[in-house]
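Listed features, source TrEMBL:
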COMPBIAS  1-13  compositional bias 'Basic and acidic residues'
COMPBIAS  21-43  compositional bias 'Basic and acidic residues'
REGION    1-48  region 'Disordered'
TRANSMEM  64-82  transmembrane segment
TRANSMEM  102-124  transmembrane segment
TRANSMEM  145-163  transmembrane segment
TRANSMEM  175-195  transmembrane segment
TRANSMEM  302-320  transmembrane segment
TRANSMEM  332-351  transmembrane segment
TRANSMEM  402-431  transmembrane segment
Amino acid sequence: SAAKEEADPEKNQGRYNLRRRKDDGDVKEAEAKSEHQEERVEKVPAAPAAPAPTPLDFGGKIGAVFWMLFLPAWVLFLVLHVDQKDPSLSNFPPALPSLETFWDPQALVFVVLWILFQALLYILPVGKLSDGVLLRSGKRLKYRTNGFFAIVVSAAMVAAAVYQGVDLTYIHSHFLQLTTASFLISMMLSIYLYFRSRSTGPDERALGGNSGNVIYDFFKGRELNPRIKEFDLKFFCEMRPGLIGWCLINFAMALAEMKQQNLDAPSCSMILVNIFQLIYVVDGLWNEEAILTTMDLMHDGFGYMLAFGDLVWVPFTYTLQARYLVSHPKPLSFPLIATIIILKIVGFYIFRKSNSEKNAFRRNPSDPRLSHLKTISTATGKSLLVSGWWGVVRHPNYLGDLIMALAWSLPCGFSHLLPWYYMIYFIILLVHRDSRDMNECRRKYGSAWDEYCRTVRYRIIPRVY
Ligand code: NDP
């Protein structure tokens with residue numbers, strides 16, 4: 001009968017369960033019940049036929065072509081624009097340099113070595129092996145979550161290199177060439193991913209990247225979890241070369257600022273931007289397991305969108321504030337510094353607490369530490385949190401992230417719009433992400449999702465379409 005209920009979500013309207021779970025009596029009993037439920041979910045046999053693909057996103061086929069051309073062009077413009085003496089809107093777009101300026105084989109070698117170094121750290125048998133979420137096939141994948149170890153070793157290597165006299169300001173002076181090299185690698189990776197996805201079964205494909213249209217599927221990503229033996233390509237690219245590379249680039253910008261401005265130490269604004277973003281990345285790597293329950297890992301296939309995002313977009317645009325500060329120093333008053341630090345702490349607290357709460361709940365719904373939370377049952381066997389952080393507002397994690405984004409831009413002042421680019425882009429990204437997620441959850445959970453939305457009325461992101 002459970003299987004029948006799952007097949008007919010509409011018949012489950014009476015199953016809502018808006019109560020604190022520890023009020024159900026003995027917590028142990030509740031745990032045992034939930035454990036039993038977990039077991040039942042694990043034993044659900046693989047669906048005989050692949051579920052229908054989800055509707056096309058990002059403007060469909062035409063949209064995919066547009067984004068594939070626009071995104072690299074936008075990165076290029078940002079990279080060139082920030083180099084100008086006056087990077088104001090009136091000087092946008094910047095003049096294009098000659099074609100040969102884009103290419104430097106040495107830059108390509110450095111990017112390849114960096115990725116290989118990160119790959120080596122990833123495969124070392126150090127750190128935990130974590131379980132991924134349950135897949136449509138009924139299987140769970142294992143992930144080596146040793147990201148914190150990787151960033152510590154990377155930091156030690158970078159420190160040793162600087163001590164040996166390696167001039168990291170090369171990253172500042174060859175930014176364009178490093179960006180081009182990373183773009184080429186992301187393109188080659190995307191082509192490889194598309195071709196290998198042709199030999200995958202329906203259960204291995206992402207629902208959103210399996211439209212049958214070559215360009216759209218190439219863009220959106222067809223295979224959900226492409227792996228070479230145990231090496232998970234999507235997880236690796238999401239968490240390692242670009243993310244740790246972001247910190248390396250920021251650090252190099254601090255050195256470039258000292259060189260260019262003749263300083264004995266980086267400016268206060270540069271230190272704030274470096275420390276804030278380092279905390280973000282270190283926290284992400286410390287809690288690496290939590291990424292296994294995010295949209296990218298659970299739902300999106302690995303294709304151009306994520307490969308480009310991980311290897312080009314994150315390291316070469318998220319570093320814009322540090323890069324801006326190299327040649328546009330911004331003195332900060334003490335009250336402003338204090339306000340920015342408080343904002344960062346508040347944003348970080350909301351971001352971490354809400355993400356950890358959902359992750360802990362998804363990993364173990366019967367976790368006794370979460371027994372005070374109210375839930376709504378859904379026909380899929382999974383429940384939705386309607387109290388705690390996820391009961392205050394929908395997507396509380398986005399709120400924390402946005403407050404942090406504000407704290408990253410404020411140290412750059414208001415002279416130019418450019419360092420606010422991240423904040424503006426992030427709002428657009430989260431509006432779109434929120435809408436994608438709402439549609440996906442409505443599709444998955446049906447009337448239970450509507451009930452959740454009625455119970456938790458507030459949303460961080462206004463509904464724009
Ligand atoms: P979320 O981590 O918010 O995951 C969304 C999923 O959570 C839903 O699909 C659903 O999945 C589950 N969920 C939603 N509501 C509930 C609920 N009430 N109870 C239990 N589960 C629920 O999505 P993202 O991957 O978008 O974000 C993760 C973090 O990464 C955020 O903090 C975000 O700000 C950040 N981020 C940062 C980016 C950056 O560039 N700096 C880019 C993208 C994200 P299911 O029910 O299937 O488990």
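Even glycines carry a Cβ here, placed using N, Cα and C.
With a threshold of 8 Å between CB atoms, the same-chain residues lying at least 6 positions outside the transmembrane segment (64-82) that come near it are 58, 91-97, 175-176, 179, 183, 213, 215-216, 218-220, 304-305, 308, 312-313, 316-317, 320, 323-324, 418, 421. As a quick check, the transmembrane segment (102-124) and the transmembrane segment (332-351) miss the bar of 3 or more Cβ pairs under 8 A, pairs 6 or more apart, so the two do not touch. Against the transmembrane segment (402-431), the recorded stretches 145-163, 175-195, 302-320, 332-351 differ in Cβ pairs under 8 Å, and the greatest number is found for 332-351.
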